[in-house]
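To start, the structure itself, in structure tokens.
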Amino acid sequence: MKLKDTLNLGKTAFPMRAGLPTKEPVWQKEWEDAKLYQRRQELNEGKPHFVLHDGPPYANGNIHVGHAMNHISKDIIIRSKSMSGFNAPYIPGWDTHGLPIEQVLAKQGVKRKEMDLVEYLKLCREYALSQVYKQRDDFKRLGMSGDWENLYVTLTPDYEAAQIRVFGEMANKGYIYRGAKPVYWSWSSESALAEAEIEYHDLVSTSLYYANKVKDGKGILDTDTYIVVWTTTPFTITASRGLTVGADIDYVLVQPAGETRKFVVAAELLTSLSEKFGWADVQVLATYRGQELNHIVTEHPWDTAVDELVILGDHVTTDSGTGIVHTAPGFGEDDYNVGIANGLEVAVTVDERGIMMANAGPEFEGQFYDKVVPTVIEKLGNLLLAQEEISHSYPFDWRTKKPIIWRAVPQWFASVSKFRQEILDAIDKVKFHTEWGKVRLYNMIRDRGDWVISRQRAWGVPLPIFYAEDGTAIMTAETIEHVAQLFEVHGSSIWWERDAKDLLPEGFTHPGSPNGEFKKETDIMDVWFDSGSSWNGVLVNRPNLTYPADLYLEGSDQYRGWFNSSLITSVANHGVAPYKQILSQGFALDGKGEKMSKSLGNTIAPSDVEKQFGAEILRLWVTSVDSSNDVRISMDILSQVSETYRKIRNTLRFLIANTSDFNPAQDTVAYDELRSVDKYMTIRFNQLVKTIRDAYADFEFLTIYKALVNFINVDLSAFYLDFAKDVVYIEGAKSLERRQMQTVFYDILVKITKLLTPILPHTAEEIWSYLEFETEDFVQLSELPEAQTFANQEEILDTWAAFMDFRGQAQKALEEARNAKVIGKSLEAHLTVYQNEVVKTLLEAVNSNVAQLLIVSELTIVEGPAPEAALSFEDVAFTVERATGEVCDRCRRIDPTTAERSYQAVICDHCASIVEENFAEAVAEGFEEK
């Protein structure tokens, strides 16, 4: 036997290298085979519900790192709630209708207009489901736990029927109407868009300054006067029917030198406009308030059949332009509102493809709207005063990335204005985890217009509306419920398979159809109505869920998307928000803080992270960032997270190895019998337990990460485990001192593994497989530990906080001695402490082997003044010299009792007593040489 064999060197097969990329899929299959999700649900049956409702990602393409961050966050919450006394089911969902899928099929060569619509929709459905299953596998690879066999998908018959019923209730309450308001119109998609389908980019446009000649000045202005107008959309002049001024803005009538014409502009802008137009020696002839100009009539710049009326509008400002805007009610929301209020014609001169129509005039007909500037300039002639290129923020179709226009077309709307206050009141009852989130959603609802819910596309849920022979729209409770029942059995494709009369209740009649003939609506619903109905399609319809949900968690862009549409439909139907809490996240940016883009080549695919690091590192990264704001991710950042993971893993490996001979049922030492330092570490660990439990409850992942890493690096690695080897390796295997420390080790190991499970389930299960005395076969089936408190806890914490200060001062003294070449390692030191009453009281309270805690071979405590050569730090003085004696071959301390024993071992008296007591046979035979 060799002397080293008398040491209790921890042994474990738990590998230092995690091998996550190859091991994770194996563990995930094991969990699936063991039906862990179902078993967890069974364990939680009867407990209070916590329902996190999954906002459905769009079923197209592989998941990106933003998806990963969002879904890992959801998984951490679901797992932590499931292990904290809640019944927390997770039903993943997917959004499957809409234009992107039609665009994919078009790229694949599918010609929609050349094939049967039902067959086309079948192709859309097949493609959408293929994407659902692909993304499902992507999410499962992240280590997510959920009901993967009972997903919710917006194209299933039960979901579509639930959506129709949401629409029906809104129709019954009078919230659905048809109108010809201007809407966001995407010529590139040939469809109306909702606000949530718009994104803003900078666009360079030609702006024109031109003049309308006064035709009837109402006794205020003469007919040789021109009102100066500014526009950034020259094509809309073809539909201009008025000029809008601000009622309280001051306007001036001016005449520049050399001009026979007189002009009206905003007084505040006269100086800048004079410079822009090249006016000199401008004479101000009169000043008017905007309201004085109301109902003056001007000529259209070139259309002699059209007069343009001066009207008042609150949207007019003097921030730019001339303080006067031309008004085309068919091409703008503000224009429409003031135009309708003043009886202006709603003219639309652009078709669905962005092409100018015949009513724009023969010079314009057939031109693309954005190419008509030269023609407009030609038509304006000497009425054009200036033109310039401006860069401004402009709405784009979020899918095609093309600019859109406002365009008045007949559409179906949900009248938000009819129940706006009810929605705002509902927002006040929701808990927002970021106050700005509440303000943002509140302001969006307060300021938004009615919701355009119709789309001129094919792949979606049909609007369940019929038309009588006289054109009357039919959407009664009876007809809508009948359609819902048909969809429930056959799916929405039946709408296209059957004639209108076969979709109506048997024997249905309507006074507007004396011949019994009916037509059906061909528009489909906005996809935001699809996902915005999920509270009904999922929460209400599934018995293991609750409505409203406890939590909606999505990216901050969903304040204008899913949070918004779900809120509107839920309040419209039931008067309540569909969620009790909202937690939003920022976007994942690259390492430089730039937006990720395939064109920039700075994207990071979750699959690439899984191959290089493992999903576990991605999960840990999610907790290492403040996801309420935009966050950064790169392979370098993930490498740093991987290093943190390595430290966590190796620390826990040390605990596994050094409890391998510990049977908790037999070897645990009661708290009251622990040493002071062990009590301290137990208390500190329970503080960590409370911090982490509270942070899980509040969804504060970064708090968990910081607290965990700090505990492992500072409390364990830099202190407790730093001197632990002198106990667990050196002392007798069954000695009280060793068992005391092992008791703490094992308690920390078991509980920290449970605490890590929601974040690092793969690693936690791997550790758990080495804990043979734990009864649950999977740690995921256990409960999170409860934080304990102990007698005299605060007193113990205060004592050890003071000792940590003392220890820090001692370490400074040792470092100075090391720099002076007095010692090398701290174990070579003889440390003398010149104590005062404070230090004396402290060390008595610590009641531990202080030399062991400081990792020095010899410690002397002297009462009285320190010599001049002593090193003083704050109010403690030290001297450091090399310890006397020889190095013990067993404990590596320098000890004056170290000597060669009769059994061929050069060891100190303390080690000799341990060896002689526990290894009598080896002592009798003598130890082998090293």
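From the backbone N, Cα and C atoms, a Cβ is placed for every residue, glycine too.
What Swiss-Prot says about this protein:
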BINDING   E554  L-isoleucyl-5'-AMP binding site
BINDING   K598  ATP binding site
BINDING   C888, C891, C908, C911  Zn(2+) binding site
MOTIF     57-67  motif ''HIGH' region'
MOTIF     595-599  motif ''KMSKS' region'
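Swiss-Prot feature annotations superimposed on the structure.
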residue	record	DSSP class
E554	L-isoleucyl-5'-AMP binding site	strand
K598	ATP binding site	coil
C888	Zn(2+) binding site	coil
C908	Zn(2+) binding site	coil
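Here the CA atom of E554 (L-isoleucyl-5'-AMP binding site) lies 56 Å from the CA atom of C891 (Zn(2+) binding site). In sequence order, I730, D889, R890, R892, R893, D895, T898, I907, D909, H910, A912 are the same-chain residues whose CB sits within 8 A of the CB centroid of C888, C891, C908, C911, the residues recorded for Zn(2+) being left out.
Taking only the Cα positions, the spacing between C911 (Zn(2+) binding site) and E554 (L-isoleucyl-5'-AMP binding site) is 61 angstrom.
The most densely surrounded of the binding-site residues E554, C911 is C911 (count of other Cβ atoms within 10 A of its Cβ). Neighbour list (K598 (ATP binding site), Cβ cut-off 8 Å, at least 6 residues apart, same chain): empty. With respect to their backbone Cα atoms, C908 (Zn(2+) binding site) and E554 (L-isoleucyl-5'-AMP binding site) stand 64 Å from each other.
Sequence-distant neighbours of C888 (Zn(2+) binding site) (same chain, six or more apart, CB under 8 Å from its CB) are I894, D895, T898, V906, I907, C908, C911, listed in sequence order. Residue counts for the motif ''HIGH' region' (57-67) under DSSP, helix first, then strand, then coil, are 3 helix, 1 strand, 7 coil.
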